[in-house]
Each structure stands twice: as C-alpha cells, then as structure tokens.
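Q: Feature table excerpt (Swiss-Prot):
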- GLY10, LEU11, GLU12, GLY13, ALA14, GLY15, LYS16, THR17: ATP binding site (BINDING)
- GLU12, PHE74, ARG78, ARG100, THR105, TYR108, GLN109: dTMP binding site (BINDING)
- 147-159: region 'LID' (REGION)
- ARG153: site 'Transition state stabilizer' (SITE)
Amino acid sequence: MRSKYIVIEGLEGAGKTTARNVVVETLEQLGIRDMVFTREPGGTQLAEKLRSLVLDIKSVGDEVITDKAEVLMFYAARVQLVETVIKPALANGTWVIGDRHDLSTQAYQGGGRGIDQHMLATLRDAVLGDFRPDLTLYLDVTPEVGLKRARARGELDRIEQESFDFFNRTRARYLELAAQDKSIHTIDATQPLEAVMDAIRTTVTHWVKELDA
C-alpha cells in the first residue's frame, strides 16, 4: 500500500494530541508502523522559527502582525515542511501524521480573519500545487468547549487569545469546507472522550480497508 498523509484539524482544545495517539494506535493495529509526525506551523528548523514569530505574542514586541503577513508566514513554514519533510517521507514509503495543514489557514485566516477566500486558494495553489492530505480528521468543538480546555492547559498563544466571534467564524468555515470535501471527515469532539476515540478508530479503520479493497 502506498504511504499516505493523514492530518488532524480542529479549534484549540479540540483534542488533536489525543486524536493523533488514537490514529497511530489504529494504524499499528492495521500493520502500518513506519510513520513520522509533523506539526504546523513547525516541523523544521526554519518552520519552528516562523512558528515562534507568528504565535509568540512577545516575538515582535509592540509591532502588530498584519493579517497578510501572518498568512505568508504560515505558508512559508508550510512549504518548507512539505518540501523537506513530508514529500520525502511519503516518497520513502513512510506515512505522515500531521497536526494541522492548509485547512487551518483556510479556516482561521479565511474564516476567522475574513481574508478573501479566492486569494487564499490562489496562494495555496501557487505554493502547494495539487499536494493535499489523503485524509483529514476534523475534530469539531464549539469555541466555548475548546477554549475552556485550552485555557486549562496554561498560557495561551497569540491566536488562542482571539475572541469567541473569531473562533465562531473559524468553526463555521471549517464546517463549510468539510461539507465540500469527501477527504475531510468530521468527528464530534464534544462527545465523551471514549466516544470520540471510537469514532476516530472506526473512521481510520474503514478508510484504510477501503484503500486495500
């Protein structure tokens, strides 16, 4: 079976780390053990520096990061990760499990920030071409639930400190995009943890078995 790229998406506090662990466990039970893990922004030395710039509220002092500058930093980090880590791993037969990818930008910057969606799509296509994840698990939570969980973890980053309205717009865009793309599977992450884990196991298992069919 050809190696695949699986991405886990969702608002802050959606449970992406737990979901990743369930995905890994499920794939291993299906006989897939050669995997690497990525996060966005980040995953390379350059991309991690960009992550610090875009998420650390103190990284640029009092200077305000403009919405378009934010988008371009995300894409700079993304293309570096894709070209130097993800594509080589896939070519080597290694599965890639990612914490966020381009759907985050389409939702957060397109929905939350209100940046023109055509511009974002054009930028995506120019930077990534036709490269897309094979499977995306979108963990759907309300901002109220997600941010409560995120705040319980400790200090919030620059984006996590945005308003509920911002996250409501982001969630709405996530749901809109998920409804348009069959490769995106929505998981109700407001359920009890065991139910969420079961839904992830079932989705991944069925998807992998369909690949073998």
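Quick reminder: no glycine exception, Cβ is built from N, Cα and C everywhere.
Quick one: how deep are these features, and who are their neighbours?
A: Long-range C-beta contacts of LYS16 (ATP binding site), restricted to its own chain and to partners at least six residues apart, with a cutoff below 8 Å, comprise ILE8, GLU9, GLY10, ASP99, ARG100, LEU139.
When secondary structure is read from DSSP and collapsed to three states, GLN109 (dTMP binding site) falls in the helix class.
Counting residues 6+ beyond its ends, the region 'LID' (147-159) has Cβ neighbours under 8 Å at 11-13, 15, 54-57, 65, 108, 141, 167 in the same chain.
Reduced to three states, the DSSP call for ARG153 (site 'Transition state stabilizer') is helix.
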Q: Determine, from DSSP, whether PHE74 (dTMP binding site) sits in helix, strand or coil.
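A: Note: PHE74 (dTMP binding site) is helical by DSSP.
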Q: If you take the centroid of the Cβ atoms of GLY10, LEU11, GLU12, GLY13, ALA14, GLY15, LYS16, THR17, the listed ATP site, which other residues of that chain have their Cβ within 8 Å of it?
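A: Output for this site, in sequence order: ALA19, LEU139, VAL141, GLY146, ARG149, ALA150, ALA189.
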Q: I'd like to know which of the binding-site residues THR105, TYR108, GLN109 sit within 10 A of LEU11 (ATP binding site) at the Cα level.
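A: Near LEU11 (ATP binding site) by Cα: TYR108.
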Q: From the Cα of ARG153 (site 'Transition state stabilizer') across to the Cα of PHE74 (dTMP binding site), what is the distance in angstrom?
A: 24
Q: At the Cα level, what's the spacing in Å between ALA14 (ATP binding site) and ARG153 (site 'Transition state stabilizer'), rounded?
A: 12
Q: State the three-class DSSP label for LYS16 (ATP binding site), counting H, G and I as helix, E and B as strand, and everything else as coil.
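A: Helix, per DSSP.
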